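Inspection log for the structure reproduced underneath, given as structure tokens.
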């Protein structure tokens, strides 16, 4: 009875309003609610990320409790059993896995059910009462491992029944996964529906690419190293490629993928976010709003995408998937040129390339510099200088440059200065993107999350092209699985000014 009375008393005092992050306490009871807890995203990404944060000491068992919520009617132990197989295990951490799983409680309910969310709030409040026997705040983090179609109803339920009620302070935050709409209109509609219920500082639009180690390194590389500052502009850089390649197809996700295609799935969000970090001006400080302000300026400086600077492809066999329509016009491959109309980047093509069922798996940024004027060594035919940042697999960065070939003759050869993370940082475990981003959410750091005006500007760039594709005005070119993609894409790169170094392959240093 005492616990029940205290929960009711706590509920009588509401504290939903946003306050400056610098003044919000980050200690006290923490409730992490995984909505869609029985789904693949939660099992494969969210819960493993939470476990890794727990085992590294970022989630303290005396403060945190994790709640799974979904429509599936299962018990606490059923959910724990489903999750266990996805957590890194070995004899050395069996105990940690068991301890972590005991922090998880499951609540079943629909996503528009007042009864379900009332039960969820009761479970959270009981946890908060038990943890807050001494003075402390209560923090509620809702992670949406859900399709966007249910975001509005879930947000209404949270706002009505599950907001932080502690009279000791704290916060309520929501983490929402992409896709954030299919075009400008649907994205704005979704943003408005969520924005009516939560303030912008309470909304964390997650793009897991912003949590990758070398993506997070971009601003440090650009603004903490003196020699990059005078080179990073149109006077020295000829073109920039941002590439995402997969060597497998849709693999059972054909029906889902066909609704979106490679541009919506990869280019409009992941690769565009990388482009912003590559192209933005130096922010006033490291504060999230200063960084995001500069990213928005880049997006607002972009010119409309021209059809003649776009090549689309669809791998042969894509429509063999029974969930894909026979008349599908959805691209599984795209190469396009984006152009920024500002003083730093006028005339420099940003080449975005993404595709499935290609000949390799990698993601990288390739900055190609201009030819050396007055080439007295006649070495430009060997290739241009390039700075390459390998995002995955095997994180690395290297500078491709021309040196004298060892020997008695004055001849040149291409070589590289490189930094392989696997070699340089042996024994250092590079965190998964979801670990970083969930920790950022708990800390109230929105630097690596997408702001509403940033999202709007991104959709303004791509919506006209996407509508032309949806209407069948732009057709994908068939290409063979395991190839480089359509030959027309290589022609587009050449026309944009990219000079390929034939026969040169960077070999990562061995351990």
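Yeah, the Cβs are placed from backbone N, Cα and C, and that goes for glycine too.
Per Swiss-Prot, the candidate among 55, 71, 139, 222 that belongs to the NADP(+) 1 site alongside 36, 37, 38, 39, 40, 41, 42, 43, 151, 178 is 71.
Same-site candidate for D-glucose 6-phosphate binding, as annotated by Swiss-Prot with 178, 208, 209, 210, 211, 212, 246, 356, 361, 392, chosen from 265, 321, 418: 265.
Here residue 42 (NADP(+) 1 binding site) comes close to 34, 36, 68, 143, 145: these same-chain residues lie at least six apart in sequence, with C-beta atoms under 8 angstroms from its C-beta. Residue 400 (NADP(+) 2 binding site) sits 24 Å from residue 246 (D-glucose 6-phosphate binding site), counting Cα to Cα. Between the binding-site residues 40, 246, 246 has the most other Cβ atoms inside 10 Å of its own Cβ, all protein chains included. When the Cα atoms are compared, residue 71 (NADP(+) 1 binding site) and residue 209 (D-glucose 6-phosphate binding site) turn out to be 29 Å apart. Nearest to residue 366 (NADP(+) 2 binding site) in space, judged by Cα atoms and limited to the binding-site residues 38, 178, 246, 356, is 246.
Here residue 246 (D-glucose 6-phosphate binding site) is compared against the binding-site residues 38, 178, 353, and the shortest C-alpha distance is to 353. On the backbone, the CA of residue 484 (NADP(+) 2 binding site) and the CA of residue 209 (D-glucose 6-phosphate binding site) stand 23 Å apart.
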